[in-house]
Amino acid sequence: MDIRGTDTPLLDWSGEAIALGIFENETALTGELTQLDEKIGGTIAELIEEAEFEGKSGSSVATRIGGKSPIRKLILVGLGKKEELTLETVRLGAATVARLGKKEKVKTLAIQFPVVDNDAAQTTAAIAEGMILSLHQDNRFKSEPEDKPLKLETVDILGVGEQSEAINQAETVCSGVILARELVAAPANTVTPVTFAETAQNLAKDYGLDLEILEKDECEKRKMGAFLGVAKASDLPPKFIHLTYKPSGTPKRKLAIVGKSLTFDSGGLNLKVSGSGIETMKMDMGGGAATLGAAKAIAQLKPDVEVHFVCAATENMISGKAMHPGDILTASNGKTIEVNNTDAEGRLTLADALVFAEQLEVDAIVDLATLTGACIVALGDNISGLWSTDETLAEEIKTASEAAGEKFWIMPMEEKYFEGLKSPIADMKNTGPRAGGSITAALFLKQFIKETPWAHLDIAGPVWADKENGVNNAGATGFPVRTLVHWVLK
């Protein structure tokens, strides 16, 4: 699909289908829409009247254009109230257009939406993202793909100018999102710690990233007892992955992104039982997948920021070598942990990863993890929890998420709740009381950061969509690659 920006007037464009964004309660035709309506035989006014189209957010309607018009299809998309227009409105509207264009089997399409905040570049990028991500289908594991090959070949975004840089950036970011989606969607017999590390190797080779992979013996030398405690039950070797993007000049900032990378989580000896969603636990490396997705995008966009990508990849399995409930592990910072639940393993792998990241002497660390069901209970499937020791960092991420159209909610770091993690025989337990479980998980991770500004993103809900939702089709979403990229770029 070739996406292009253009100043070609609406009345001069020729192709198969035109998509128009309409504000709520502003369906009366004026200006060039009146002229276009006359050109195509009154189809716009007729469609608005017959469909009782009001322009409400999320609404859409399409029809065939009769007569001798070279334009065969018309698509109207509701953008909601004019004063509430955002980049996300445009992004979601573009996703609707893309799906309707595919359904209507058009090859060439023009889309005309209003420019948000007089920023044609950002508006163009949002439209491109909405179209690319909504049309992505992962058919790798089907013998006969359900969908026929995509018909949509060319999309012209009208009224924005050429905008090749904005479109290229959107395509690059989407390539990172799609990598994350495909890693999360792939089963655990395809994406293992070994193949996950191979993905990192391919990124390093293709995009000029520095790569260090610590094998088990090196992790032992570094005393990563928390990470290795989780890893020891698996027949597959753990892989501690460290990718680095370095700009050509002096970096204005150094950042670290740390992703939880459990390629499968059985729960360990605290085995996940029937009804617990064990079959979905291939997605427990969603944080690591997004970390590699962000690495792919950032390496191509080349910001003047040094970024370290850290993934402690392993499985949480059962065997005679498995860690027991009640075991005490020692992390690489010397902190001891009583394992009172082997199914709270992600935080154990992150503990050593955070210690490693801080030793890189970066200016800020962000970790992301499908960490707790408690966060889903609190915020649902569409919103990620955000905890931080630094107010400025939290606001940076929140701002980046709003630009990306990915939702975060800043959560409390209630220090008193750490009382629930105290152990009589170790420095802490790995889980606390049921109440406030996502907060105690964040407090646990905080014990492995000394002074560096740090934020924790619990992405357990948004990493997967059970049904079509916005720019996401059912399946892995690639959340929050776009937020991470926006954060680094800004």
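One is the number of the first residue shown, and numbering goes on along the chain from there.
Note that Cβ sites are derived from N, Cα and C of the backbone, with glycine treated the same way.
Source: prediction; values computed, not measured.
Here's what Swiss-Prot has on this protein:
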- K260, D265, D284, E345: Mn(2+) 2 binding site (BINDING)
- D265, D343, E345: Mn(2+) 1 binding site (BINDING)
- K272: active site (ACT_SITE)
- R347: active site (ACT_SITE)
Residue from K260, D265, K272, D284 whose C-alpha is spatially nearest that of R347 (active site), among the recorded positions: K260
Lowest local Cβ density (other Cβ within 10 Å) among binding-site residues: D265, D284, D343, E345: D343
Least surrounded among the recorded positions, given as K260, K272, R347, when other CB atoms within 10 Å are counted: K272
C-alpha spacing of D343 (Mn(2+) 1 binding site) relative to D265 (Mn(2+) 2 binding site), in angstrom: 8
Cα distance (Å, whole number) from D343 (Mn(2+) 1 binding site) to D284 (Mn(2+) 2 binding site): 12
